[in-house]
Amino acid sequence: LRPPIPVPQTLSSLLPSSPSYRGLTLVLTFLSYASYHLSRKPISIVKSQLHLNCSALGPNPHNDSNSTTWCDWAPFDGDNYNELFGALDNAFLVAYAIGMFISGIFGERLPLRYYLSGGMVVSGLFTALFGLGYFWDIHVLWYFIIVQVCNGLVQTTGWPAVVACVGNWFGKGKRGLIMGIWNSHTSVGNILGSLIAGAWVSSAWGLSFIVPGVIIAVMGVICFFFLVEYPEDVDCNPPQHHVMTTSEKDPEAVISNEGPLSLSGQSSVDHSKAPKEPAEEPEAISFLGALRIPGVVEFSLCLLFAKLVSYTFLYWLPLYIVNVAHFGAKEAGDLSTLFDVGGILGGIFAGLISDYTGGRASTCCVMLVVAAPMLFLYNHVGQNGIGVSVAMLIICGALVNGPYALITTAVSADLGTHESLKGNAKALSTVTAIIDGTGSVGAALGPLLAGLISPTGWNNVFYMLIAADVLACLLLARVVVKEARGWCGPMARQRGYVAA
């Protein structure tokens, strides 16, 4: 039996109902993962400060007239500074991709609240350690590399835990729309991280890391005291994770799924007398067991290519705008945020449509199919005026990030509570980690490939992105066919009934 995690009595008195706890879960997990992204963002802001154009700052105070790197931070003062910055990025992304496959296994076997809050506190420590390199006057590359690797590993505690918590509280009915809105935490965290890091980047860049590190650690403490993992821990009713007809359900299963909502009087009494018998926890699912869940492999590989496209835009879009549209660095950075705005809209739209149609894979596939020609158009006509550029960035952001957001949220929660598990909810973290871990491989590959291909021309980079989009779509073909057959069945039966 899984003993319930103690919840503070003050919280129980303030939030007497299940909707209140669901709202609290959404808010806390939103803020938690926003703080994860908030703590990842400073490195992209501080890079420009680690290697500056020193000649623009006036004479060298050290009276070395031949030095043009006196204001740079060693070891990033050499001509190979771009390669060193790339090493920092890849240290984090590769560690994150590897760690994600392991993180879900631990997440299923440890209390999610402890796992998430502990990961946030430790992540805050490593984020702050990077910034302390400024105050400790550290100029050794390996110090920053090791901190990035450790932070990448620790940050894998976040995504499986928050998706599992939200999945535990919300059933399948409107999960796509709810998680589509909830998934905007990524963009909110990126924006806040940019603003916070930018406040100190020119004066004392170490604070650009220390302040976000403190913020995520504080959020970890708040989650430790107030996050509730399971509805059963506070005597609330578990949601219905998959739709079944009444004839397919065992009567006892109906009572355990619906609780007091269907048999308000007697069910609540039975629930209070013996709440742990139907809630007995089976063993956590194995890695191979999670791979056998229908759809996990297909959506994981699809996300690999979808996230490859998304992260290539994340890391290379400002530079592309500077080189092709000839905007300044600040204007290019501001313009690139429109891609994130489109991503928010695309995630909400994808969740809404998939809830209405019941076709997660079909929604992703259609958006990926439309994204391919839109990427081609953006590369060829997207810079013909500011209005066209704004419109194309929002459209491309919606089509590229919509499937990515849907797969990492609602699809992961659906597969982690798949009906083949027969009520075993101990697969959410493992399934989420497998899907996002595979996607993180693409996140590491995309910027790397763009860096290798871009010297041959930006057209070739976009051809690579379009090819990745098409591959992501093809990998979902089997699941799309299965969904189409599911739609055709009821329609055929209805036509037969009318003809009879």
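Quick reminder: no glycine exception, Cβ is built from N, Cα and C everywhere.
Curation does not apply to TrEMBL; its annotations are automatic.
Annotated range for transmembrane segment in TrEMBL, selecting from 182-201, 322-341: 182-201. Highest Cβ contact count with the transmembrane segment (461-481) among the listed stretches 84-107, 114-136, 361-380 falls to 361-380 (criterion: pairs under 8 Å). For the transmembrane segment (114-136), the partner stretch with the highest count of Cβ pairs under 8 angstroms, out of 84-107, 142-170, 296-317, 427-449, is 142-170.
A Cβ distance under 8 Å defines the sequence-distant neighbours of the transmembrane segment (207-228), meaning residues of its chain 6+ beyond its ends; these are 5, 7-8, 11, 21, 24-25, 28-29, 31-32, 35-36, 38-39, 41-42, 45-46, 112-114, 116-121, 123-132, 165, 193, 196-201, 234. Counting Cβ pairs under 8 Å to the transmembrane segment (427-449), the top-ranked stretch among 84-107, 142-170, 296-317 is 296-317.
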